[in-house]
Amino acid sequence: MDSNTVSSFQVDCFLWHVRKRFADQELGDAPFLDRLRRDQKSLRGRGSTLGLDMETATRAGKQIVERILEEESDEALKMTIASVPASRYLTDMTLEEMSRDWFMLMPKQKVAGSLCIRMDQAIMDKNIILKANFSVIFDRLETLILLRAFTEEGAIVGEISPLPSLPGHTDEDVKNAIGVLIGGLEWNDNTVRLSETLQRFAWRSSNEDGRPPLPSKQKRKMARTIESEV
């Protein structure tokens, strides 16, 4: 196993522990708590994949961080902060909407890269809006935290979430995953549109109703599927 992979996991575990202590003192805001919960799932998945214990890794990560801080000067810290581009965290959903449990009558699940797409195929003839919480850098989606599909009544009927064991995705990965979710929901005559923030940052262009144009490859794939079932 690569030593950098192990040490990276150890440092991530310790930094998560520090953030958890901060949250335990009721000092974290909603975006902070969102990321904390998601990162915990990611760390558990990575620990399982690597065969490493999180508690042991946290102690090792503490030693690594302490060693770095001992060598770090205030001037070097200022230069590091100045050189890192700042990202923004955007929220379509409340904490309640993000953490709410939901159930599917006819579940369908698909994995696309490091993203998991889930939808309820029993939903028909509904107006659906896609909402997401994500970070943005250079006016583009950087990291998806969670995307969910809501009916006008507020019911959750679909979801796109990062897989804890496979961290890392691009804005193009998210775009393709949304296309899959939209295609699945529209198959049952649902009308799907995107929130304004998704329209702006996940796509640079969309139809007037907020519905993004499907990538040409996806259109061809859907057309072949329809033809094969007729």
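From the backbone N, Cα and C atoms, a Cβ is placed for every residue, glycine too.
As recorded in Swiss-Prot:
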{"type": "REGION", "residues": "1-73", "note": "region 'RNA-binding and homodimerization'"}
{"type": "REGION", "residues": "180-215", "note": "region 'CPSF4-binding'"}
{"type": "REGION", "residues": "205-230", "note": "region 'Disordered'"}
{"type": "REGION", "residues": "223-230", "note": "region 'PABPN1-binding'"}
{"type": "MOTIF", "residues": "34-38", "note": "motif 'Nuclear localization signal'"}
{"type": "MOTIF", "residues": "137-146", "note": "motif 'Nuclear export signal'"}
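Across the range of the motif 'Nuclear export signal' (137-146), the DSSP-based residue counts are 0 helix, 8 strand, 2 coil.
On the 0 to 100 pLDDT scale, the region 'PABPN1-binding' (223-230) averages 38 in the predicted structure.
In terms of DSSP secondary structure, the motif 'Nuclear localization signal' (34-38) contains 5 helix, 0 strand, 0 coil.
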